[in-house]
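Worksheet for the structure shown next.
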Amino acid sequence: MSPSTVQMQNLNGSPYTVSSAPEFRQEESTAVEEKLMVAVRIRPLSTNETGRSLYVVDSKTIVIEETEKERDDVLRQKRTGQKRYAFDVVFDEDSTQDEVYEKTTKSLVKDILVGFNATVFAYGATGSGKTHTMVGHGGETGIMVRAISDLFDIVSKNAYRYTVKMSYLEIYNENIRDLLNPASGFLELREDTSRNRNIQVTGLSEVVVVSIDEVMGLLHQGNRQRTVEPTGVNKTSSRSHALLSVTVCKASRTATAVRQGRLFMIDLAGSERASHTKNRGKRLKEGAHINRSLLALGNCINALSGGTNPRFVNYRDSKLTRLLRESLSGNCRTVMIAHVSSAASHKDETRNTLIYAARASGISHKVERNVLNVSFQVNQYRSVISDLRNEISRLRTKLDEGRAKSSNGQHSDTPVNQIRDQIVGTFREQMKLRRKLMDIDGHLLSLGVEAERQHQIISQWESRNNRLYCRRTSSQRRPNTKSSINTSNGDSFDNDQLNMHQAWSDLSYIEHEQERYVALRSKTVSELDAVRQQAVALENNLPKRLDSETERELLSLICRVHELEADKMALQGERLVESYELRRRGDLLHKLHRQQRITDDIITKQRQIIEGQNVPLPTDLKELYRSYQQEIHANSYNTDVNTIPLTSAIQSIDKSFEKATIDDQRDKNGTYTAESRVQPITPESRLYTTSRYLKAVHRELWFSKYNKIFTPFFLFKNRKLEYF
Ligand SMILES: Nc1ncnc2c1ncn2[C@@H]1O[C@H](COP(=O)(O)OP(=O)(O)OP(=O)(O)O)[C@@H](O)[C@H]1O
């Protein structure tokens, strides 16, 4: 299933689209060629099955007894009577649900959290155990529940903000139904020509979920809706393909991009032979549809694995293959779990499944992370919301016309209006709380910027007064800065002291405000969660309270619009944070440039002194320099500069730089003398210095190669441009 299926109707910025559309950028060059992973699971024999045709050799290999036709094939050279197949992993009859999950899907959950798309699908003949693996039976939970529960487990322990959304659909007799909102009827597939022909399911509901309990509720609700009927082979045979999708958006408070990953978990209907299943009438028709779509899937697998013409893969033959396109050949990590029975009576089906699975092993495609830009997403929201609003006004007109005919327009107190008012009420409340959250975030950011400004005032004062500044909160304020206010200049404060004193008191107020707003924020987040739950409960009750299809459609669309409005606002909040972050970084850069200028002046003066007076370099500095040289030779000569062990380089640079420039300018208390005005080495200036130093070291390597004498960069200020 294409990842876009999930997102498109809501965000219009599906993960499918994400991976390929130009609006999205790749974070790093992470596209890698990956093979589709194929696992085979053998279900235990049932009580009425006797005789085996399949044997497990080891954790990767199985053998199946040959058919009579194969045995009679005179061209076959090795007549062992058995055919051997190797896969990524083979699960025997005794394998547990946990083992299957751990070895096939667990790693995919981690992948989607860092922005990859992934699919796991169960394939096999009817009754071979697909639903057992994917959904589970009785207490034995399947992959779907395990994956989502793992996902929430990781998300709850993580500091990032995640949004988790799920959708669940079935393809029954070539019709797509929303299992979370069956009232929406059959849904259409739409090919988005503007976006690399991605496939979308129009009107598929996608629910934002906040807890595993909520997910379990939705899963059960969806599974109850799924078409399951007894057949001659399986008492609970799934008559449809079920596609569960979980999308995770990870937005960091400061980043300009959002990572989005999507996991599809698919329980395919099983292929069936009428002679085996003894299906008639409706069941027979269902079986024909299932077989047709599985045949189309088999053809795609065949083509993709290079079996036939590798250049053309026909996805158009069924809805299943159109939806699975991305999973089979696009930006997606895919795992196929082929299910077979070892019973001799199922030998033909087992053999066919193994042939399919072996072909699928040959499929590989490029996989990369999805990183999407927040601004782009906001625009996408806008356009989807506007489409939905048009749809709502069309439905409203239709509903009003219908009522006018039947009841002369007396409809002000109809249930639909009451429910709509309730729904709109909860969404208004959500919007109010979201707005409040945005205000709080904005305020917290301004407080952060303001605190930074006060720290700068204090650090400048301290450096002017020969103190080494280290960042403190107002409660850790240096005691003597309080007392120094009225001692240095007789009985009157000078302006400088007043400013510094004011800065400390402002900082204390800011920190107090920050604490207050952080508490307010967490309270608002809890309130928002409660209102969101209320809205979900109302939405879930819709089908019970309304009997007209159009009314239900109208109200569910109204819900969608409001949900999207709310999501859009959340993204706008993200943009706000982004712009504050840019401002903060701008300020930091400004500060670093100022420090760089001062450092450059110091270096120039020292060079003049050293050159003018022929001052020899201190031994420890020479020693340090020599050990660097060796280290760099050992680690990075002819390699990338980034591989130089930075930590030790930085430490040594700190020492040598500090010593060479300011050692002799400290008084006996260790503070710097007024003349030196040296800015202490900050992490930023240290990094800047380091990068210059490392470049210099590379120059030095060049010098030593050609027997020239090299001197560290800070002795060559006048040649700086030439060197760096
Ligand atoms: N690994 C297993 N361990 C125990 N029981 C299993 C296992 N696999 C399947 N079964 C049992 O076999 C029966 C058929 O399994 P299941 O319904 O999962 O098959 P299926 O492939 O989904 O069939 P269909 O395609 O008809 O829906 C069920 O009663 C199920 O409990």
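The chain as shown is numbered from 1 upward.
Note that Cβ sites are derived from N, Cα and C of the backbone, with glycine treated the same way.
Summarising the annotation, TrEMBL assigns ATP binding site to Gly124, Ala125, Thr126, Gly127, Ser128, Gly129, Lys130, Thr131. On its own chain, Gly124 (ATP binding site) has Lys130, Leu268, Gly270, Ser271, Ala338, His339, Val340, Glu349, Thr353 as residues at least 6 apart in sequence with a Cβ closer than 8 Å to its own Cβ.
Summarising the annotation, TrEMBL assigns compositional bias 'Polar residues' to 1-20.
What TrEMBL records for 35-363 is domain 'Kinesin motor'.
The region 'Disordered' annotation in TrEMBL covers 1-25 (among others).
Summarising the annotation, TrEMBL assigns region 'Disordered' to 472-494 (among others).
When Cβ atoms from all protein chains are considered, those within 10 Å of Lys130 (ATP binding site) total 28, not counting its own. Less than 8 angstroms from the CB of Gly129 (ATP binding site) sit Arg41, Arg43, His339, Ser341, each of them six or more residues away in the same chain. Secondary structure at Thr131 (ATP binding site), taken from DSSP and collapsed to helix, strand or coil, is helix.
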